[in-house]
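Inspection log for the structure reproduced underneath, given as structure tokens.
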């Protein structure tokens, strides 16, 4: 039987061995606060300028942007409330929640987790639709606000059904804790003097129809969506390249900005692909440790937090609206000199071509 001195020594060794895990947990929490807090501010600003600074001819595209901003805002809030850490425990999905939701109940934490996953999956579809939209305005007229609203609602209905299935498949907290204790004995998660009262939730097994469907929908489908996005991007760029010779210098400059915007926006799903890859490798035991446990969802947090930057940088009315807001704080002072519009449309252009170029100009 171990003496008190030996027990104390072994406990000191245990705590020392867990120091890196404690460190990564703290890093994960602070990253969540920083990334999600930044995203909340940006998305609130984007919603504000969309409501007040959207030109009439951009109303249909604003439906996509507003949908992006609303879901990105709610995703940042839900992720900040949850701040989940994934515990890869065989074929169960176990999450430890470090966010404020832990002071309420595990069901709220799991709700936030499900919302984050389904909202990010939905955002991938909206990103694909936005690329299709940008392709269409070059070859045809822009769809109506009603049409865009119906398209967005139709795509969201898929994500909402998956969200309901996934949430209703929530596992028993005590059963999940026992699975975690059994599969990670070296971490001694059952010791409340080390970890405190952990808030745990998730799914006892991934092999139920709701959980398996949700996992496939949230991870596997991002691959074909990403390739479709790049296909639409390449089609759009080919049209811009083939028609550039007949455009004015000002319109060419606007198209150049649009090309850059398309290229940058096409990289946003990389966060989702990287997070999905890490999650899949860790779930099947290829990699392990506190880094993939904490970083999977922090990478996903970067998507809703970075998305508004593309709108502010490359969409002229929203960029100007943001500058006006900033100038009111005194941080930045907008020039009061009279400025002539940098775009003058020839009166001899056909109406359809004029509208197409005006859409492209405002999207750059």
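Quick reminder: no glycine exception, Cβ is built from N, Cα and C everywhere.
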- Per TrEMBL, which of 182-205, 206-229 is transmembrane segment? 206-229
- Task: Give the range, chosen from 10-30, 31-51, that TrEMBL lists as transmembrane segment.
- Result: 31-51
- Note on the structure: Highest Cβ pair tally under 8 Å against the transmembrane segment (63-87), stretches 145-168, 206-229, 258-282, 297-318, lands on 297-318
- Which residues, given as numbers and ranges, are at least 6 beyond the ends of the transmembrane segment (297-318) yet have a Cβ under 8 Å from it? 28, 31-32, 35-36, 38-39, 42-43, 45-46, 49-50, 53-55, 58, 65, 68-69, 71-73, 75-76, 79, 84-86, 116, 119-120, 123, 257-258, 260-261, 264-265, 268-269, 271-272, 274-275, 278, 361-364
- The DSSP breakdown of the domain 'G-protein coupled receptors family 1 profile' (42-143) into helix, strand and coil residues is 77 helix, 12 strand, 13 coil
- Message: Which sequence-distant residues neighbour the transmembrane segment (31-51)? Criterion: at least 6 residues beyond either end, Cβ under 8 Å.
- Response: 62, 65-66, 69-70, 72-73, 75-77, 79-80, 83, 98-99, 297-298, 301-302, 304-306, 308-309, 311-312, 317-318, 321-322, 325
